[in-house]
Amino acid sequence: MKKVYIKTFGCQMNEYDSDKMADVLGSAEGMVKTDNPEEADVILFNTCSVREKAQEKVFSDLGRIRPLKEANPDLIIGVGGCVASQEGDAIVKRAPFVDVVFGPQTLHRLPDLIESRKQSGRSQVDISFPEIEKFDHIPPAKVDGGAAFVSIMEGCSKYCSFCVVPYTRGEEVSRPFEDVLTEIAGLAAQGVKEITLLGQNVNAYRGLMSDGEIADFALLLEYVHEVPGVERIRFTTSHPREFSQRIIDCYAKLPKLVSHLHLPVQSGSDRVLMAMKRGYTGLEYKSIIRKLRAIRPDLCLSSDFIIGFPGETEADFEQTLKLVRDCEFDFSFVFIYSPRPGTPAANLPDDTPHAEKVRRLEALNEVIEAKGYAINQSMVGTVQRVLVENVSKKDATMLAARTANNRVVNFAGHPRLLGRMIEVKITAAFPHSLAGEALTSESA
């Protein structure tokens with residue numbers, strides 16, 4: 001039986017796409033996944049170009065597997081994802097042993113690209129943007145667990161000045177409404193209890209319905225809520241510009257919509273937000289959070305921040321710190337600005353020393369982590385309903401589960417609980433996780 005090894009970089013959308021690569025090759029070629037590249041017949045890198053470090057790591061990894069190709073010329077090596085879209089033929093020029101290069105929108109063509117490579121003896125490159133075609137060619141997912149991702153739209157039309165996504169994944173294109181619901185119903189029939197709706201700007205969803213009308217994201221949430229078997233709904237990543245009152249109202253009327261929201265703000269400075277072309281102010285962002293917390297006081301909030309954007313002053317950074325304290329984020333992802341070729345921001349002058357950017361990053365992380373730890377500590381003694389996801393990475397005798405507000409809870413339990421929703425009592429808090437004890441018997 002042939003085997004495929006897939007290494008994934010970057011976002012949850014890439015994780016979803018990697019699963020679909022495996023599904024496509026499994027259906028067309030009978031391949032199964034392996035965690036060992038040395039035993040693989042096909043090695044794929046699903047890449048990310050959001051930051052320079054992630055992009056360069058791909059080429060480092062390609063260099064490390066080159067000896068495998070030299071030892072086995074029949075080994076197929078492929079590069080997909082956003083670096084593939086951005087670099088195209090340049091990847092083959094830099095690493096001539098790469099056999100196939102494909103973009104996020106052409107992963108469904110992998111079997112044909114591999115066959116063309118074998119027949120022609122030449123590297124194959126397909127980084128076109130055939131919009132939503134790939135979903136028509138991907139076989140139904142077979143899942144092993146209680147949670148699953150469902151991509152509902154692709155691309156981004158916001159063109160933030162720092163971001164490569166519109167250039168690597170194309171503009172916003174939404175999947176048809178009924179197609180999304182059919183996929184979710186199929187997953188629920190396989191025992192999936194938690195659905196995470198995915199998109200670069202997931203709340204910009206505008207899906208065509210069978211009657212010719214257009215469904216917005218709020219309507220999709222309402223329909224997903226009614227799918228039998230679905231107990232939890234998450235979504236990521238959303239954009240503040242698209243966070244309508246209709247979506248806010250969903251938090252009041254849809255109990256399956258979890259009390260966790262990832263809403264990237266990037267900066268608390270209006271001047272920086274304008275330079276980033278984000279399309280909102282810090283006050284407008286805080287207004288969204290205020291409305292949500294009036295409905296869901298227990299809302300867990302996470303975000304993304306870019307530190308050291310060109311021209312960011314100490315005063316700008318202080319405004320970011322103030323926004324963080326005002327919004328009380330549970331956790332966030334903080335990065336030093338990384339200029340991406342081809343974006344407007346790449347040409348902006350940047351005179352802030354790197355050491356100062358590091359200082360700001362550490363200061364912001366300190367504030368965010370202190371608040372997150374305090375929230376974790378406040379959960380000790382409470383009973384939480386969790387979805388048991390996997391065996392703990394640190395202790396094979398422990399299970400790892402996730403609360404509705406996105407906390408990882410480690411507890412002693414039998415693997416037969418995997419994929420189930422159970423109740424646990426929180427017994428201890430740590431900076432990035434919780435400990436608990438199961439209140440549900442293993443045979444219940």
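We number each residue from 1, going along the chain as drawn.
Glycine is treated like the rest: Cβ placed from N, Cα and C.
Since we're looking at a predicted model, the values are computed, not measured.
What Swiss-Prot annotates here:
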BINDING   Cys11, Cys48, Cys82  [4Fe-4S] cluster 1 binding site
BINDING   Cys156, Cys160, Cys163  [4Fe-4S] cluster 2 binding site
DOMAIN    2-119  domain 'MTTase N-terminal'
DOMAIN    142-374  domain 'Radical SAM core'
DOMAIN    377-440  domain 'TRAM'
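Annotated features, which come from Swiss-Prot, shown on the structure.
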residue : record                          : DSSP class
Cys11   : [4Fe-4S] cluster 1 binding site : coil
Cys48   : [4Fe-4S] cluster 1 binding site : coil
Cys82   : [4Fe-4S] cluster 1 binding site : helix
Cys156  : [4Fe-4S] cluster 2 binding site : coil
Cys163  : [4Fe-4S] cluster 2 binding site : coil
(message) Measuring Cα to Cα, how many Å separate Cys11 ([4Fe-4S] cluster 1 binding site) from Cys156 ([4Fe-4S] cluster 2 binding site)?
(response) 14
(message) Cβ atoms within 10 Å, counted per site: which of Cys11, Cys48, Cys82, Cys156 has the most, among these binding-site residues?
(response) Cys82
(request) Taking Cα atoms as reference points, rank the binding-site residues Cys156, Cys160, Cys163 by distance from Cys48 ([4Fe-4S] cluster 1 binding site) and give the first. (result) Cys163
(message) Between Cys160 ([4Fe-4S] cluster 2 binding site) and Cys82 ([4Fe-4S] cluster 1 binding site), how many Å separate their Cα atoms?
(response) 16
(message) Return the residues near Cys163 ([4Fe-4S] cluster 2 binding site) by Cβ distance under 8 Å, restricted to its own chain and a separation of at least 6 in sequence.
(response) Val50, Cys156, Arg340, Thr343
(message) Over the span of the domain 'Radical SAM core' (142-374), how high is the average pLDDT in this prediction?
(response) 96
